[in-house]
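A quick write-up on the structure given underneath.
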Amino acid sequence: MSVNGENKVSGGDSSSSDRPVRVYADGIFDLFHFGHARAIEQAKKSFPNTYLLVGCCNDEITNKFKGKTVMTESERYESLRHCKWVDEVIPDAPWVLTTEFLDKHKIDYVAHDALPYADTSGAGNDVYEFVKSIGKFKETKRTEGISTSDIIMRIVKDYNQYVLRNLDRGYSREELGVSFEEKRLRVNMRLKKLQEKVKEQQEKIQTVAKTAGMHHDEWLENADRWVAGFLEMFEEGCHKMGTAIRDGIQQRLMRQESEENRRLLQNGLTISKDNDDEQMSDDNEFAEEDCVNVSNKGIETVKK
């Protein structure tokens, strides 16, 4: 793999100003995560013009000196090829760097965090001891809180849940390696689902009860105000109704009086003022009696 910066190299003169600085970073890169990506990014940005080579150890050497990986060497190589900071992937990278390897790939600097990396091969105390001694080591910073070991520990901690999830998704017990525990795990899975349903129903019941309690409290707080408001509106309506009835009766009596006066004048008779006063008094009593009856009926309705 090459980049624009690499194409500028002419011949083998490492002193050329156009030649990018060749930086090498290596690792296992199992379960590639953002901690790996940040370390690679730091290596890439070590110099303004950097060509980054990333070495990845194969399965054989990794299993021998570090332990079993989750991903195969091919999967780990491919993960690195899809990281935007990587210019070139070097498969089958050596566990301990040598002068021959650095010269072969024309490596100017090796990037890694400064913590001593134990050399389990027995060649030395620190895998990067040699490049540090010749001044070709470029320090990067580790990302705290994330590592392949941390991810594996999370899976181990919640092992049963992940097994149950995959059984539920159709994986066989042979694929998961749980042939002796499958029945117990499936029973646990059903019990867990039942517990979740019971919990869900309990939450719904609590929500309904809480809502009902709120409505009950609201009614108790506002009942007196609502009833008082209704009675006030009802009394106002009765008053308006009584006024309308009285006005209507008075207008009718005035029309009757006018017609009677006109008829008596035509007959040449004199209207007696005393008789008129007596009739007006009777009509007013009739109007007041109607208003009282209407008010009494309204009050009886409210009581019901």
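Any Cβ shown, glycine's included, is placed from N, Cα and C.
In the structure as shown, the Cβ atom of Ile28 (CTP binding site) sits within 10 Å of 22 other Cβ atoms. Positions annotated as CTP binding site by Swiss-Prot, on the basis of similarity to another entry: 28-36, Lys66, 112-113, Tyr117, 142-146.
Sequence annotations record features per position, and here Swiss-Prot assigns substrate binding site to Lys66, Trp95.
Residues or ranges marked as compositional bias 'Acidic residues' in Swiss-Prot: 275-291.
Among the features that Swiss-Prot reports, region 'Disordered' is placed at 266-292.
Around the Cβ of Lys66 (CTP binding site), 14 further Cβ atoms fall within 10 Å across all displayed protein chains. The binding-site residues in question are Phe34, Trp95, Tyr117, and the one with the fewest Cβ neighbours inside 10 Å is Phe34. The secondary structure of Tyr117 (CTP binding site), as reduced to three states from DSSP, is coil rather than helix or strand.
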